[in-house]
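Notes follow once the structure below has been shown.
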Amino acid sequence: MDSCSLEIANWRNHQETLKYQFDAFYAERSSQQDIYAGSVQPILRHLLEGQNASVLAYGPTGAGKTHTMLGSPEQPGVIPRALMDLLQLTREEGAEGRPWALSVTMSYLEIYQEKVLDLLEPSSGDLVIREDSRGNILIPGLTQKPITSFADFERHFLPASRNRTVGATRLNQRSSRSHAVLLVKVDQRERLAPFRQREGKLYLIDLAGSEDNRRTGNKGLRLKESGAINTSLFVLGKVVDALNQGLPRVPYRDSKLTRLLQDSLGGSAHSILIANIAPERRFYLDTVSALNFAARSKEVINRPFTNESLQLPVLAPVKLSQKELLGPSEAKRARGPEEEETGSPKLPIAPGSASQKLSPLQKLSSMDPAVLERLLSLDRLLGSQGSQGTPLLSTPKRERMVLMKTVEEKDLEIERLKMKQKELEAKVLAQEAADPKEKENYSPTMLRPLARRTVTVAKPLKKAVVMPLQLIQEQAASPNAEIHILKKKGRKRKLESLDASQPEEKAEDGWELQISPELLAHGRQKILDLLNEGSARDLRSLQRIGQKKAQLIVGWRELHGPFSQVEDLERVEGISGKQMESFLKANILGLAAGQGCGPS
């Protein structure tokens, strides 16, 4: 109808028409330059402000999306025209003397059957899509090529375009079988303070067209490719509908395409959607579907913002003099009398700042004069605005003073330890000179070098039974008592030396267990009485006897009569000789000492 609207017949009611309003409508006679200059060129300026932009070509297969994005040598499309203008803008803005330094890089990828493939490096395989802490979408491992001219762009882009997957169908001899995405990144760095950084991204996207397999005649691999394309475009429609309806969950992750376009759809990019339609009767349903999608997408609201960060400048290291490295007390002692009278030289202070407090920066006379002057200017500016001092600028000096004080204390501690070591060494030498016989019997605290290194073999620990104090006192009171529970005995241990040919023997105190025969016989008798008269509960009070073994002992006693000796316990089924030996060791000592439990 005009440059912003069109009208199409309603297939449900032929007496009605459907009207659509868009930002721009380009008819059959419109040129590539008209489309680019009218819709795409105005958004390139946002990249130099650190904002993102994206251009998407949408429509059914065979409608001319690839021609719109790439064009031909006679009629270049959106991609070559946008790159040519963008490189020209970066050269002008990044020229010598301008406040910003600019650099441009490019990446080229395709989404084929839900796989992200790098067209600049086809051997890299399927890549993953990530999201950083600030919500920006990125692809780790994606190749980035720096470009400074349009010739650099063609050298990388043309071979990569031949790597894109295409195939022949009934409707198109070179039908795109994947979604192609060209990513151009513009990095800006400020040459002067405060050294800001900006990053702008431009996405140029050639979507694969939705296909009706009844008309395209797809079979086999082409049918599988068509299914993946239609699925991703269906998810794209769901994302647009969810954004328009304000749903709490937007299904970006349901498809690799929508995940990659998360910034462009309801995100932070200036987005342009170019909907290609084919004005023929056989494409009528595809045209209505494309127009409806474009109308819904027009309602999506993006919120662009500037991707800017601040990088602090790296100053040259400050060289401090010997007096500045000393602590306050050492510096005062090292200062000569003449210097105390005249004082250290100070830098000239700018007019108008004499009444201000002297900045700690003015003491750094070894700093580069140009850098020092800029820092002093910033210091005076903060003072003139009513700032309470300059804590940020004085922090390095305060930290340096604390560090120097700590170093001074550590040095004093080291000197004190050295003096103590010298005193100990002198004491050892004096003892050796006074009595040579005691040379080997020096204190273990003396600092003496080891003659050789010895390795001792660990011995297994032995268990000892400690008798109750009351029982020991009773037995000691009896006239004929003879108690031998634990006896200390010296024994020799062999030392394996690393540098000696024969092992050395060294006396070592140990403990040897000695029990009188009367006590052993008493303990065995008590165990035998408990086996013959005790119940299952009484038997469980013995070591190594549980519920099951106690029942076996009671049952054997009922069948065969009382036990004649303790060793008859081996005849009980389920009690082996090894278990019998451990049973005696665990119980006989305790019962001999009067600690056993029984009927009595």
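Start at 1 and count along the chain as shown; that gives each residue its number.
Each Cβ is built from the backbone N, Cα and C atoms, and glycine gets one as well.
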Feature coiled coil in TrEMBL, mapped to one of the ranges 99-126, 407-434, 463-490: 407-434
Fewest-neighbour residue among binding-site residues, criterion Cβ within 10 Å, set Gly59, Pro60, Gly62, Gly64: Gly64
Surrounding CB atoms that lie within 10 Å of the CB of Ala63 (ATP binding site), all protein chains: 24
